[in-house]
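Q: One structure coming up, written as structure tokens, with questions to follow.
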């Protein structure tokens with residue numbers, strides 16, 4: 001009954017919103033945002049990080065001497081707050097993860113997010129002031145929310161085998177991003193705003209079979225490593241003066257006229 005009331009309420013909110021904008025073109029985005037907000041944890045109910053991680057539906061291993069990437073573990077700082085969290089092969093990622101106050105590294109493997117849609121939760125923005133490394137692998141995520149661009153301290157982003165189909169324009173706001181690995185997804189193109197990631201030095205796009213163009217990378221003055229194996233690229237980008245490592249095997253290159261600009 002409660003779920004039915006929720007859906008009726010959402011439907012009314014969508015109808016009002018669509019009437020306001022005069023179009024139903026944004027109905028998918030509106031519905032997605034409403035569902036995401038409904039799935040977001042209330043962080044005010046937790047007094048500290050200990051209460052947060054004790055709410056998780058799984059145990060954390062804090063023994064650093066036996067830490068393995070195949071386990072679900074965490075590392076604390078001197079204040080007793082979690083700074084590294086690795087979630088592996090659990091039933092789902094609890095929404096309260098985004099309530100951790102000093103989390104610097106978040107690694108998620110083979111564990112689904114508990115949301116109504118297949119995107120990365122918008123609550124990721126709660127980690128904007130602390131998160132430096134975000135790795136998600138073998139976990140279904142079809143899109144990233146625009147809120148990803150608020151992670152100003154993020155230096156390393158790895159989304160591996162997630163079925164990601166596109167990147168939001170806000171990816172260009174990741175001013176500290178140095179390493180971006182998007183191997184094994186379903187990307188078709190890169191947003192033009194990626195040119196704004198001025199700190200980016202390593203970009204890995206291997207095994208995105210539908211990716212046809214990377215020309216938006218032209219002029220990336222700081223890019224040093226570019227790996228684009230097993231894609232469908234037809235042309236290489238222009239003017240990458242600091243590039244020292246280029247791998248583009250098994251593509252559909254038809255024009256190498258830009259190679260002298262690398």
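Here, residue 1 is simply the first one shown, and the rest follow in order.
Note: Cβ is positioned from N, Cα and C throughout, glycine not excepted.
Any TrEMBL annotation is an automated prediction that lacks curation.
Okay, these came from TrEMBL:
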- 1-18: signal peptide (SIGNAL)
- 134-238: domain 'Disease resistance R13L4/SHOC-2-like LRR' (DOMAIN)
Q: Would you report the average pLDDT that the model assigns to the domain 'Disease resistance R13L4/SHOC-2-like LRR' (134-238)?
A: 96
Q: Taking DSSP states H, G and I as helix and E and B as strand, how many residues of the domain 'Disease resistance R13L4/SHOC-2-like LRR' (134-238) are helix, strand and coil?
A: 18 helix, 20 strand, 67 coil
